[in-house]
Amino acid sequence: MELETHLSKYFTLAFTHKSMSLEMREKLAINSNATLKEFLQTIKNHCPNIKECMVLSTCNRFEIYASLKHGANTNEQKNALLKILAQNKKMSVSDLEKCVLMNTDESAVHHVFSVCSSLDSLVVGETQITGQMKNAYKFAFEEKFCSKDLTRLLHFAFKCAAKVRNLTGISKQGVSISSVAVKEALNIFEKERIKDKKALVIGLGEMAQLVIKHLLNKQFEALILGRNAAKFEDFIKELEEPKKVSFQNIENLNAYINEYELLFCATSSPHFIVQNRMLKETIFRRFWFDLAVPRNIEKPVLDNIFLYSVDDLEPMVRENVENRQESRMRAYEIVGLATMEFYQWIQSLEVEPVIKDLRELARISAQKELQKALKKRYVPKEYENNIEKILHNAFNTFLHNPTIALKKNAQKEESDVLVGAIKNLFNLDKSNANHAQNLNLYKCEYYEE
């Protein structure tokens, strides 16, 4: 739906597990801040009609969120971004075109709110996505690729996600890919009658930490292979049973890779961590879970190794989705309402309506006082038109500097607070002003985590 307004035009491009294979998502994935900054800078350099931009890259999706300059053609922006992606990732534009989902304006806002609320996730209700979006926004904001427009959008998205979690039961069951993987591992453990409840975990990022917590919850012991011993020491302080977890440097991978029946791998490496040249024959069967995108485990050549990728877990997720249909429906109602409220709030913060309302308030006040003066015969009736002109010129002169200042600050980060304060001071649309006043946008929720 195209809005007939000068409000910011929101725009999203999405490649997800629903539309794109794991192999293609691997090519799109960005796993380092340096690469992400370079990609965002390329967009900034080659897409002058994109005002602000951020990228969300996870194991299940690659998405670009942007605000466009007024009058920008959305199809032209899509084509430009697909061309940049194709060149950057050595893919064809036609392949990307087949998989991309574009949203603009209200549908873009609804999409961002749905993603943040985990309604578009492989595991509906998983809470990891909100944190990933906060990190993506934080990076783009701090590197100055986004400002007021996306801050407004993401701040409201975080509020919407919190409301969905609080008002529905959508996050009460299995809540992440990691929990589904551990649940499947437990089923394998019981079916295979494995003696020792032990697992090898490669990585110590957010996904790996979730795996470890789920393993401990199921009474497993875990050996972690990573690069940062200090990070491990900080992590185990969060655990109820830290003695069930041990750490070795990942350089010792060869010494452990053939010793465990259960293995979970989740690192940000763009290359295979576990390679076939490391493998030896074992008398026991092995079950490996590769939760990384790009994948960290080379497809095993040994017959007794069973490898599960992120996409392989999808059938195990379907039951999770079916169990949450009622919660999903309620959640989508909340997202729909939040989308409407977002645009109402944005419109309440626009500078032009405030300037118009201020001038109208001045005109009404002047006219009211003039009529009082005429009624009490302080001035003759025949002078009414001349006095109206004098008053009109007077309040125009009075409001000239504030008008210039408001227009000058319209695109600055503090404009929302400024407009909210003016509306509150002059009682202009008081309900909306109070709402704006309660939202301190530049202390965004990501600072709380």
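Any Cβ shown, glycine's included, is placed from N, Cα and C.
Some features that Swiss-Prot has for this protein:
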- Cys59: active site, nucleophile (ACT_SITE)
- Thr58, Cys59, Asn60, Arg61, Ser121, Glu126, Thr127, Gln128, Gln132: substrate binding site (BINDING)
- Gly203, Leu204, Gly205, Glu206, Met207, Ala208: NADP(+) binding site (BINDING)
- His111: site 'Important for activity' (SITE)
Cα within 10 Å of Leu204 (NADP(+) binding site) - qualifying recorded positions among Thr58, Cys59, His111, Ser121, Thr127, Gln132: none
Beyond the listed site residues Gly203, Leu204, Gly205, Glu206, Met207, Ala208, identify every same-chain residue whose Cβ lies within 8 Å of the center of their Cβ atoms for the NADP(+) site. Gln209, Leu210, Val211, Ala266, Thr267
Between the C-alpha atoms of His111 (site 'Important for activity') and Met207 (NADP(+) binding site), the distance in angstrom, to the nearest integer, is 24
With Cβ-Cβ distance below 8 Å and at least 6 positions apart along the chain, what are the contacts of Ala208 (NADP(+) binding site)? List them in sequence order. Val201, Ile202, Ile224, Gly226, Phe264, Ala266, Thr267
Once Thr58, Cys59, Asn60, Arg61, Ser121, Glu126, Thr127, Gln128, Gln132 are set aside, which residues in the chain still have Cβ within 8 Å of the Cβ centroid of the substrate site? Ser118, Leu122, Val123, Ile129, Ser176, Ile177
For Gly203 (NADP(+) binding site), the same-chain residues 6+ apart in sequence with C-beta under 8 angstroms from its C-beta are Ile224, Leu225, Gly226, Cys265, Ala266, Thr267, Ser268, Ala292, Asn296
Looking at the binding-site residues listed here (Gly205, Glu206, Met207), whose Cα lies nearest to that of Asn60 (substrate binding site)? Met207
If one looks at the chain holding Met207 (NADP(+) binding site), which residues at least 6 apart in sequence have a CB under 8 angstroms from its CB? Cys59, Gln128, Ile177, Ser178, Ala266, Leu291, Ala292
